[in-house]
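Trainee: Sending over a structure as structure tokens; questions will come in a sec.
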Amino acid sequence: MAQQGAYYVPHHSVWPIVGSVGLFTTMFGAAHWLNDQGALGRPMFFIGLAVVIFTLFGWFSSVIRESIKGNYNSQVDVSFRMGMMWFIFSEVMFFAAFFGALFYTRVFSVPWLGGEGHGLFTHHYLWDQYAPAWPTNGPGDVGGPFSTVSPWGLPLLNTLILLTSSVTITIAHHALRAGRRKQLLVFQALTVLLGATFLYFQAHEYMEAYEHLNLTLHSGVYGSTFFMLTGFHGLHVTLGTIMLIVIWFRCAKGHFSKENHFGFEAVAWYWHFVDVVWLCLFLFVYIM
Amino acid sequence: MAHAASQDHHDDHHEAPSGFFRRWFMSTNHKDIGTLYLIFALLMFFIGGSMAMLIRAELFEPGLQLVQPYFFNELTTMHALVMIFGAIMPAFVGLGNWMIPLMVGAPDMALPRMNNMSFWLLPFAFTILLSSFFLPGGAPAGGWTMYPPLSIQGGDSIAFLIFFVHVSGISSIMGAINIIATILNMRAPGMDLLKMPIFVWTWLITAFLLIAVMPVLAGAVTMLLTDKYFGTSFFNAAGGGDPVLFQHVFWFFGHPEVYIMILPAFGIISEIIPTFSRKPLFGYKAMVYATASIAFLSFIVWAHHMFAVGLPLGAELFFMYATMLIAVPTGVKVFNWVTTMWKGSLTFETPMLFAVAFVILFTIGGFSGIMLALVPADFQYQDTYFVVAHFHYVLVTGAAFSIMAAVYYWLPKWSGNMYSERWGKIHFWLSVVSVNVLFFPQHFLGLAGMPRRIPDYNVAFADFNMISSIGGFVFGATQLIFVGVIIHCVFFAKKKATDRVWEGSKGLEWTVPSPAPHHTFAVPPVIDDSQLAHGDVTH
């Protein structure tokens with residue numbers, strides 16, 4: 001046990017190696033599964049995923065236990081904050097790759113396919129009938145004709161939902177700092193609810209797109225960028241919602257004090273991050 | 001290694017590591033994890049190296065002798081992946097793990113459990129990658145750059161390659177976050193940012209680059225995955241996509257990646273040269289700014305890897321000039337290393353020999369880089385052995401030499417024993433001669449038009465290929481001496497190292513005993529500016 005005031009260096013921990021085995025099993029299983037070896041791959045994938053989830057529980061439990069015991073001084077707290085901050089930065093860069101693909105396609109490669117600028121020859125020799133436009137599924141009409149989702153229906157509603165959830169989580173945070181427990185729990189629950197509603201609408205929109213608009217993952221580069229960007233965002237909202245639920249239970253159990261509640265703040269940062277990503281999506285994927 | 005005996009040095013209340021599994025698999029200790037990284041990197045260096053030996057054996061003379069062409073392509077692809085992600089990067093992370101907490105006076109890395117996970121993901125990532133050799137259709141063979149459409153027209157292995165990239169990427173991001181948090185948050189009082197050892201500075205900037213670009217690579221390979229398995233059209237022109245898009249995203253990662261593999265090397269060389277010149281580093285602040293400038297420029301030069309794909313003229317010009325700008329901060333560094341040695345009391349122990357060789361040979365690699373940066377010239381050089389020669393000069397005589405220099409430099413601190421100087425020098429001289437025999441003729445081959453990634457060639461290229469292969473075999477065999485020197489030093493050497501180890505060494509890492517106790521700086525040390533490596537920075 002570290003003496004009071006010293007930087008806490010934990011004891012040996014089994015979780016990193018268990019988590020590594022879990023992640024390996026998941027990925028190795030997924031690779032087999034994708035290559036039509038589902039009999040081996042599928043069980044590996046799900047067992048691995050279960051081990052990863054088990055690891056998260058175990059790992060976070062030890063951290064929570066140590067935190068409640070008061071092992072962490074303010075310097076440890078700063079390390080956690082930096083860890084979360086740089087993790088979110090890495091997530092921003094992950095989305096940047098997909099936004100970059102979207103911008104590159106719209107600004108450069110689709111006009112070039114249509115014969116603009118220096119890409120003339122692809123147009124000339126392969127697809128001289130192709131007139132560039134956005135949205136497009138390319139000169140090969142990959143996936144067949146499709147229509148797009150109007151931004152002013154569900155996407156607008158979803159924007160309002162996520163923006164509202166950012167407000168509710170901030171109110172919950174203020175309540176936590178002021179020690180108003182009931183308000184904290186209500187507004188945190190409201191945030192969870194808004195997150196879940198967003199996901200419900202998003203799932204609904206996907207079904208609409210597949211069933212009525214013929215807008216699928218196969219719909220050329222528009223379908224690719226649309227579903228990959230909104231899909232990864234939806235995945236992050238799902239994770240965020242799970243995190244919010246965990247934090248609600250931790251609030252209910254009284255894990256957090258007015259001064260010391262970094263777990264809450266980290267999740268709030270993450271939630272604001274998925275919110276900002278959505279705003280970019282709304283603007284660049286749906287409206288423009 | 002051998003520091004288990006020195007448990008009595010530490011004064012906090014952690015139990016001593018007991019049991020092999022507990023110590024090495026469940027570790028939270030930056031020194032043990034650093035050791036694991038270094039051993040892993042050495043193992044991968046030999047796995048990647050044996051692939052290189054096979055490549056050079058096939059290329060020993062024209063015609064097809066040993067391997068099938070497709071397997072040759074697997075070898076070139078896997079050699080690159082193993083050396084980049086398995087040898088060079090983990091070796092630097094291992095050195096950072098061992099030395100950064102010692103250099104800034106921290107009790108350990110900022111997030112010790114995550115540190116262990118960053119390491120243990122790597123052996124599993126490489127299990128995924130190397131297992132692809134045994135798949136029907138074999139290992140990835142489309143080059144480590146994974147350009148579509150070729151890469152997704154092969155067999156099952158691309159999924160394994162992509163998941164390998166994901167797992168090792170997670171490992172790198174975790175490691176980088178840990179290093180940034182350690183440097184920004186764990187410095188002993190008085191260790192101001194501009195008093196940090198240069199090695200720490202270079203790692204701070206490298207860690208930033210890692211966090212910024214590894215996710216971009218993850219995004220790029222995810223698009224490959226969905227293009228192959230889920231019917232998206234990111235890189236399919238018929239669907240409105242563009243294969244060149246992959247190259248843009250990949251090299252937006254790839255170019256900073258190049259500096260991820262060289263900035264820590266700059267840091268190591270900037271530690272070693274002052275020690276053996278018995279002078280403070282010349283131009284400490286200039287070194288810091290140069291490192292930061294190189295990192296910044298690395299984000300705006302990526303398309304110089306793709307001059308021949310048909311970029312608009314404006315883009316070719318921009319990327320050409322931006323690339324040539326890198327020569328300025330790099331020139332500052334080389335100038336500062338030389339001026340650090342100027343009028344110093346130089347001695348040439350093995351680390352210094354490797355460091356001096358680094359300065360000269362890395363500069364040769366830099367010059368061929370400037371040649372490649374010229375768009376019209378690149379149209380001639382691209383995809384030839386000239387490119388191979390260029391990046392092996394910067395990665396082998398650059399990055400790998402700096403790692404060897406670092407191992408010789410800090411091994412006495414890690415193990416408590418002095419390595420055999422005689423065998424270290426034999427290792428150096430054999431390496432430095434053979435590596436030039438290996439790679440220098442490849443410049444001529446490339447200028448004469450020999451394409452890279454090809455198992456057979458015109459008889460006109462026979463002589464230089466044979467010379468290159470002979471150099472390769474000698475260089476490969478020489479590395480066994482390196483392993484011998486390390487094993488001898490750790491387990492058998494009689495000569496004990498002093499705490500300071502080198503006469504001219506300065507910095508906090510030399511104030512702890514040799515071998516470094518299992519736990520150091522549980523109480524932050526008091527910083528004495530005169531003890532810091534760079535001397536007085538106020539000038």
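Keep in mind that glycine also has a Cβ here, set from the backbone N, Cα and C atoms.
Keep in mind that what you see is a predicted model, and the values were worked out from it rather than measured.
Feature list, courtesy of TrEMBL:
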type     : residues  : note
DOMAIN   : A:3-288   : domain 'Heme-copper oxidase subunit III family profile'
TRANSMEM : A:12-33   : transmembrane segment
TRANSMEM : A:45-64   : transmembrane segment
TRANSMEM : A:85-104  : transmembrane segment
TRANSMEM : A:152-172 : transmembrane segment
TRANSMEM : A:184-201 : transmembrane segment
TRANSMEM : A:221-249 : transmembrane segment
TRANSMEM : A:269-287 : transmembrane segment
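I'd like to know what surrounds each of these features in this structure.
Mentor: Taken together, the residues of the domain 'Heme-copper oxidase subunit III family profile' (A:3-288) have an average pLDDT of 94.
Same-chain neighbours of the transmembrane segment (A:12-33): 40-52, 54-56, 58-59, 62, counting only residues six or more beyond its ends whose CB sits under 8 Å from a CB of the stretch.
Same-chain residues lying 6 or more positions outside the transmembrane segment (A:152-172) and placing a CB less than 8 Å from one of its CB atoms are 183-184, 187-188, 190-191, 194-195, 197-198, 201-202, 204-205, 244, 268, 271-272, 274-275, 278-279, 282, 286.
Panel annotation: around the transmembrane segment (A:269-287), residues 84-85, 88, 91-92, 95, 99, 102-103, 149, 151, 155-156, 158-159, 162-163, 165-166, 169, 191, 195, 225-226, 229-230, 233, 236-237, 240, 243-244 of the same chain, lying at least six beyond its termini, place a Cβ under 8 Å from a Cβ of the stretch.
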Trainee: With a Cβ cut-off under 8 Å, give me the same-chain residues at least six positions beyond the ends of the transmembrane segment (A:45-64) that come close to it.
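Mentor: Residues packing against the transmembrane segment (A:45-64) from afar: 10, 13-15, 18-19, 21-30, 33, 250, 255, 263.
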